[in-house]
Amino acid sequence: MSNITINKILARQILDSRGYPTIEAEVILSNNTKAKACVPSGASVGKFEAVELRDNDKNYYNGYGVTKAVNIINSEIAPQIIGMNTLNQEKIDNTLIKIDGTDNKSRIGANSTLAVSLAIAKAAASTLNIPLYQYIGGINAKVLPTPLINVINGGMHADNNLDFQEFMIIPNGANKFEDAMRMSAEVFFKLKQILKSKQYNTSVGDEGGFAPNIKTNNEVFEIIIDAIEKSGYKMYKDFSLGLDVAASTFYKDQKYKFADYEFNTQELVEYYKNITSQYPIISLEDPIAEEDTNGWKLITQELGNKIQIVGDDLFVTNCKLIQNGIQNNLANAVLIKPNQIGTLTETFNAIRLAQKNNYNTIISHRSGETEDTTISHIAVAANCGQIKTGSLSRSERLAKYNELLYIEKQLDISAIYYGAL
């Protein structure tokens with residue numbers, strides 16, 4: 001097995017869940033094993049993310065084409081990767097990093113490197129005839145993540161008046177992942193009924209959650225809690241709530257402007273203290289803009305010992321930024337998005353650094369997704385403990401949940417559900 005090499009790499013342009021072009025890479029090994037990987041794309045993008053290479057030709061897919069990236073894979077990356085040992089993932093990923101030669105993948109694109117990196121890992125697992133989570137995580141890969149399920153979409157993920165990007169339910173009281181899915185689906189059904197009864201629109205946003213024009217954030221909380229309780233569940237015991245605020249999207253001139261509010265940092269932190277004491281909110285993602293370092297210090301100091309404070313735009317799956325956060329006591333959890341950094345190895349380095357320093361880790365999808373289920377395997381492989389992959393509608397979201405259901409059955413009695421955060 002150790003002498004099985006990469007024989008061919010083929011990239012092509014496909015479409016993601018929003019109809020935007022993205023990359024699919026196919027790897028063929030010397031023993032004719034084949035594997036494919038597709039990469040996602042974000043709508044709310046952190047300033048410090050690795051660069052996603054687009055064509056920027058306004059006459060072709062409105063500038064969103066990825067033919068440049070596809071050509072780079074086929075003509076530049078492939079010749080330097082072909083012939084390498086399939087099982088040496090770290091060496092392959094380091095070669096991809098070297099080919100790019102920049103700090104942020106700006107030359108060949110993180111979408112190019114990630115597609116190749118993931119396809120090779122999947123091919124390696126396939127040729128060894130073991131699941132991907134076991135190949136990259138070993139015998140300790142057995143923790144099924146608690147899902148943070150986005151039931152109401154707002155912000156840049158929906159065409160409505162809600163400023164906060166995601167309102168999530170967290171089934172922390174389930175005994176296994178299968179139960180978490182059942183409980184959450186029941187709440188999702190009930191939520192739809194309640195929204196209809198209040199004459200709110202039940203169309204869905206990019207990530208599959210409902211996207212109604214609800215007037216206030218507090219009303220959203222009340223409606224979700226009502227759906228949970230009318231489904232026969234109790235707050236905290238069975239479910240808690242989470243928010244992805246995406247505060248950078250409404251931060252300007254050192255002020256946070258959303259709904260009818262205009263807050264400075266101190267006032268915004270007080271607002272969060274109020275809503276987290278009033279409602280069972282146990283996770284806040286990007287509650288502060290990425291460049292507001294003092295704000296991150298303040299909210300971590302004020303709420304970090306009570307709830308989960310998640311950095312997404314703050315860290316962008318980058319070890320240097322995570323290390324800076326650790327040293328300066330910014331946040332207590334890291335959102336992990338492989339396409340923010342560009343290779344499987346760098347993704348795992350970010351996870352390990354966070355976990356080593358007692359930061360929670362949450363593997364995450366993007367708003368523009370495909371049917372690729374690699375993040376489900378990464379969640380289990382790295383024992384991340386939590387996953388964000390959208391709501392309980394749209395098949396590109398359900399594909400990840402269904403893969404986790406399959407993994408739980410495969411692990412059988414070895415499977416452990418992470419549960420409470």
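Backbone N, Cα and C define each Cβ position, glycine as well.
These numbers come from a predicted model, not from an experiment.
Residues ASP244, ASP312 are given by Swiss-Prot as Mg(2+) binders; from GLU219, GLU270, GLU285, that same site also lists GLU285.
The (2R)-2-phosphoglycerate site recorded in Swiss-Prot comprises GLN165, LYS337, ARG366, SER367 together with one of LYS142, LYS176, LYS320, LYS388, namely LYS388.
For ASP312 (Mg(2+) binding site), the nearest neighbour among the recorded positions GLN165, GLU207, LYS337, SER367, LYS388, judged by Cα separation, is LYS337. Within 10 Å of the Cα of ARG366 ((2R)-2-phosphoglycerate binding site), the following recorded positions from the list GLU207, ASP244, GLU285, LYS337 place their own Cα: GLU207, LYS337.
In this structure, LYS337 is the one among the recorded positions LYS337, ARG366, LYS388 with the smallest number of other Cβ atoms inside 10 Å of its Cβ.
In this structure the alpha carbons, written CA, of LYS388 ((2R)-2-phosphoglycerate binding site) and LYS337 (active site, proton acceptor) are 10 Å apart.
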